[in-house]
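Annotated features in TrEMBL:
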ACT_SITE  HIS84  active site, proton acceptor
BINDING   ASP85, VAL88, GLY90, ASP92, SER94, GLU103  Ca(2+) 1 binding site
BINDING   HIS207  heme b binding site
BINDING   THR208  Ca(2+) 2 binding site
SITE      ARG80  site 'Transition state stabilizer'
Amino acid sequence: MQFMLTIRASMEMKITVSCPTPNRCTLLILVLFSFAASPLHASLSINFYASSCPTAELIVSNMVRSASSSDPTIPGKLLRLLFHDCFVEGCDASVLLQGNGTERSDPANTSLGGFSVIDSAKSVLEIFCPETVSCADIVALAARDAVVTAGGPAFEIPTGRRDGRISDAANVRSNIVDTSFTMIEMIRLFNSKGLSLDDLVTLSGAHTIGVAHCNAFSDRFQMDSKGNLTLIDTSLDNTYAKELMKKCPSGSSASKTRMKEPVQE
């Protein structure tokens, strides 16, 4: 059975996705959402590097596969990295830039990962194709390959993005969903990007792989006088809640993480 989903990647592009299960579509949506042209008005096309760097996509794919084999959290990190890059001023790799006052320095981005995969891919590409493949395309391709690594379908994406030269931390908080957001706040933010409630649900679903920080959901539990946790969020499945409390006991540090549940077919 094939599930057909149509999403608005931007005001300029509409993409219809065909995939074998709705859960796999969920992972795919996050990636496809961000493949619209950036504010730099790049002209995107399939096989953009066919002549200038024909092995570009293979090199990125090999890097993602190699990194994921030694660290199963890599696919989730690469998907999140793309999401945080694209939601702030478009898919221009500006989240990679380091320094005081950059997007990467904002607290909302300090827990991002997967940078080493992007750096490694860029280093190899510079050997074979100097000054040819943009970091923005590497981030997008790596996220696409992360979907495949996580068990999703293989698919082509257009490339030809240009790298942004401006990265401002002041642009982050107003464009990224915080774990404390209410549903109304999330809907408002997604609407500002031209995305619907359906888009919000499917994009959020891509966060079902990777790791989560314990303090991101600790407010769903209450600690009694003996230091034991009890569930106060009735919307959370009891069995899953008990598992979370085992993985993140009271007093867990903010940096403690746990693997999220695998995506179920």
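Placement of Cβ uses the backbone N, Cα and C atoms for every residue, glycine included.
Of the recorded residues, GLY90 (Ca(2+) 1 binding site) and HIS84 (active site, proton acceptor) place their C-alpha atoms 9 Å from one another.
With a 10 A radius on its CB, ARG80 (site 'Transition state stabilizer') counts 23 other CB atoms from all the protein chains. Each residue contributes its Cα atom, and for GLU103 (Ca(2+) 1 binding site) and ARG80 (site 'Transition state stabilizer') those atoms are 14 Å apart.
On the backbone, the CA of VAL88 (Ca(2+) 1 binding site) and the CA of ARG80 (site 'Transition state stabilizer') stand 13 Å apart. Residue density at ASP92 (Ca(2+) 1 binding site): 26 other Cβ atoms are found within 10 A of its Cβ, drawing on all protein chains shown. For GLU103 (Ca(2+) 1 binding site), the Cβ neighbour count at a 10 Å cut-off comes to 27, with all displayed protein chains included. Separation of the C-alpha atoms of ASP92 (Ca(2+) 1 binding site) and HIS84 (active site, proton acceptor): 11 Å, rounded to the nearest whole number.
A separation of roughly 10 Å, to the nearest angstrom, links the Cα atoms of SER94 (Ca(2+) 1 binding site) and HIS84 (active site, proton acceptor).
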